[in-house]
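J.: I'd like to ask some things about the structure below.
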Amino acid sequence: MFLCLALLTLLPATVSISPGVKVELTQKGIDYGRQLGIASIQSKLKTIRIPDISGTTNVPAVGKVKYSLSGLQLLDVGLPKSALDLVTGSGVRLSIGDAYMKLRGNWKVKYLKFITDHGSFDLNVNGLTITTSIKIDSDDTGRPAVSTISCSASVGSLKIQCHGGDKWMCDLFKDLLEKFGRKSLEKQICPLVQTAVSELNPELKTMNVLAKVDQYAEIEYSMVSSPVISNTSLVLNLKGEFYNIGKHQEPPFTATDFSMPTEANNMMYMGISAFTVNSAAFVYTTAGILSLYITDDMIPKSSPFRLTTKSFGIFVPQVEEKFPDLPMKLLVKAVKSPTVTFEPDNMTIQAAATVTAYAIQPNATLSPLFVLSLESSVSGRVFVSGIKLAGEVTFHEMNMTLVTSYVGDFRVESLDNIFKLVVKLVIIPNLNERLAKGYPLPMIGKMKLVSSQLHILKDYMLIGTDVQFMG
């Protein structure tokens, strides 16, 4: 139940926009949530206490009897049957049936002024039913909050077994417990259920509505519409947008809605759109960190190619002629945000950058050699790592054109193999190091993803996973 509530309570924002991320809870997930909720309610019901009952009454053929029922202890609570139903457009309804309680207490009587007797008794409460409807709401920070809007509880039957005493005494105790004990039980049950529900709120406040990714970026997971609830599942529409930390600038593109497939094998499914990933690219481009200085020490020592004017001179002779035997430095800098596209089983990233080549003078002065325009395409692989989404890319193809030359004209094609090597040996590994760190998925509390699988579909990724809430 609590898993269901936790996901249901990510409530709508004031502005309706298309989601970047969708989360669907299936019947399997709802059943797991119900188990967690029942365990919590059962624990609360075990705190029930029936106060001592004492007084005086008249018993036919016996006369005035002074009695007391004391020390009632709850020994066991059983909730063998329960159901958690989604209520279309509103919330959830929890039903508990055939519940039972076992209690034990002591009895004592005095009658005919001088006769006293005492003993113990066992009380079995059967046919206990509880029905509660739960409202889903949010606080002023956009985090979820839950409350009980209605609750009813009724006791089916009370059966007493007396140890010691006469039959008339046991009949008396049964009447007393029917009159006072039943009312006491029914009065305590709903407040305890309400407490179990309200105690979910501190856990819900841990939801990562705004999750930090690194020193540059954070991702927002607030709801953009009400939950879409059917009789078998619920879908939550999350914003799923990256922002620069402290500066929420919208990208020059918007999310487009996508439809989740009908799946039921896992407890939960997450759909992550290309919009979400592209908003990350926009954030890092805006932050100015999609640039990289490449020096010779970043080239593997096993490579015959070195980042020197001598090596480049083999393909562009005037580089070596004007700047003989000098080390070089390359500045690779994105000129616009990379674009990520999703097709079935295929993720592609298109990137545009400039490459500025420098000769490093003995006094460390940088002398520009040329500037290239680089259009590249890489394929990507994404995977779930713990509670994060991580990835890696593989070089696919690139095209270069000459923007400016400070050493005279030359054929750019002559540098193709060199820059393919630079991309494969330096740029791709550098990018993969960042991607391996991943970014947080929407989570609540100590939630753990189990047996996760990821598939790339048209315009979005689909994660199927089971979940566990760790104690």
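Using N, Cα and C of the backbone, Cβ positions are placed for all residues, glycine too.
Pulled these features from TrEMBL for this protein:
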type     : residues      : note
SIGNAL   : 1-16          : signal peptide
DOMAIN   : 25-247        : domain 'Lipid-binding serum glycoprotein N-terminal'
DISULFID : Cys151-Cys190 : disulfide bond
DOMAIN   : 262-465       : domain 'Lipid-binding serum glycoprotein C-terminal'
J.: State the mean pLDDT for the domain 'Lipid-binding serum glycoprotein N-terminal' (25-247).
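T.: Mean pLDDT, the domain 'Lipid-binding serum glycoprotein N-terminal' (25-247): 88.
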J.: I'd like the number of other C-beta atoms within 10 A of the C-beta of Cys190 (disulfide bond), please.
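T.: A 10 Å sphere around the Cβ of Cys190 (disulfide bond) contains 17 other Cβ atoms.
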J.: What are the non-local neighbours of Cys151 (disulfide bond), defined as same-chain residues 6+ apart in sequence with CB under 8 A from its CB?
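T.: Expected: Ile130, Thr131, Thr132, Ser133, Cys190, Val193, Gln194.
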